[in-house]
Amino acid sequence: MHPDLTERILQHLETTDKADTLDLAALFAEDHQKIVGSLKSIQAHGELVTAETVTHKSLGLTDEGRAVVENGSHEALVYDLVPPEGIAQAALMAAGGANAKVGFSKAMSHGWILVDKSVTPPLVRRKVDTITDVVRNQLQQVALGKGDQLPAKEVADFKKRKLLQETTTKSFVLARGPEFATTLTKLETDLTVEMLANGLWDQLKFKAYNFDALGAPPTRGHLHPLLKVRTEFRQIFLEMGFSEMPTNNYVESSFWNFDALYQPQQHPARDAHDTFFVNHPAKSHKFPQDYLERVKKVHSVGGYGSKGYGYDWKLEEAQKNLLRTHTTAVSARMLYKLANQEGGFKAAKYFSIDKVFRNETLDATHLAEFHQVEGVIADVGLTLGDLIGTLYEFFRKLGITQLEFKPAYNPYTEPSMEIFCYHPGLAKWIEVGNSGVFRPEMLLPMGLPENVNVIAWGLSLERPTMIKYGINNIRDLVGPKVDLKMVEEGPICRLDHA
């Protein structure tokens, strides 16, 4: 509130019937918003004044229009660039810059220049010796506040050329109200016990409640973008008839993480520079013994139609505990459970979304801890075609319809495919996941029937989240440098379901 300004407004109204806030701003040499703010303060004290909203429309220069006032119109600038001997049109366009095309067209229509085709190459020549820059002169009148004097045709043309813009200004016409006074009486904000006891409240004026005020935003928790995207992925899996797998085993044995997946014990992914091994407890001891023996055999000497890897499989390696490197370890446990359930095998569709851990170098796109999204389908006679069809359906629900597949190698799937999608924003194909058909060497030792195949695919949760929220550096999504304002103000996640 501006105490002196409010009283000046009231004193002025005492001498006149009506006053526009725009006129008051000019009269008092104050910003119009300050006048409006003082008006609201006056209105808070009761019906001292009445205010009628009025709308004013006026013409103003755009940035391009101001440049024309300062430097000249596009057509005049093009005319000035044409020397007496003429100039090639391409050279003229290059010299004229971004507005040369418009300037050339207007200069031609005004009859200021012509294209001389009697020479090779054709030259642009001046057609008149002098010109009058009418556009500049008319825009100068607008700059002086005389835009209402322009003919309607010119106004429409200048708007089309984005030299002028129409601005709408709201003001208030003030008049004396039924409680008019030239001074403001202090309004009470609280009704006290003393006021009620001595009856003083009846003589005082109280400030009215503002029921339109937004108030202070409540302090509350906010969902991280990863959780928002995770919810969308989970809903898509549930819509497709999948069941969620329990993923609470962050610490896993090498047996379930590697050996059960037919990944040899000499595989480089099992080295310490790729995997976080656990010291306490360092080993696991409880395994299904008959299943463990079948896994040992298929690794060492083969079986189920396979030659195996032909190496000395060691229990000590399988016992080592680690932070799981993929949620496929969870899938292995679920498939073993499915193979040995009462009543025999039944077709199943599973999914999981949870954390995995890799001993990787941290950079803008890689973390040592991230989320893996995995889908698994077990049924009789599944083929690579079923996998491709399922992937098209899954990614269609994500709003991705352009997919390509590239052959790849995984120890536990054959055939295997990398999944690529076309990113319109980046205008290129990007890798979004991996997929394949689980090998018989992995499935048959579990006890699954020979005619049962399992198809699976996986992708990270971080990459689609970064794409969805326009984040380029993963450190801006996870870690100590995350802007909490981004978490608080981030929109809900609605993937473009096709």
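In case you wondered, yes, glycine gets a Cβ from its N, Cα and C as well.
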Thr328, Gln372, Val373, Glu374, Phe438 bind L-phenylalanine per Swiss-Prot; candidate in Tyr291, Tyr409, Tyr412, Tyr469 listed for that same site:
Tyr412
Which residue, of the binding-site residues Thr328, Gln372, has its CB surrounded by the fewest other CB atoms within 10 A?
Gln372
Cα-Cα, whole number of Å: Glu414 (Mg(2+) binding site) versus Gln372 (L-phenylalanine binding site)?
21
For Val373 (L-phenylalanine binding site), the number of other Cβ atoms found within 10 Å of its own Cβ:
23
What is the maximum Cα to Cα distance, in Å and rounded to a whole number, among the residues Thr328, Gln372, Val373, Glu374, Tyr412, Phe438 annotated as binding L-phenylalanine?
18
Since the record lists Glu374, Glu414 as binding-site residues, which of them has the fewest other Cβ atoms within 10 Å of its Cβ?
Glu414
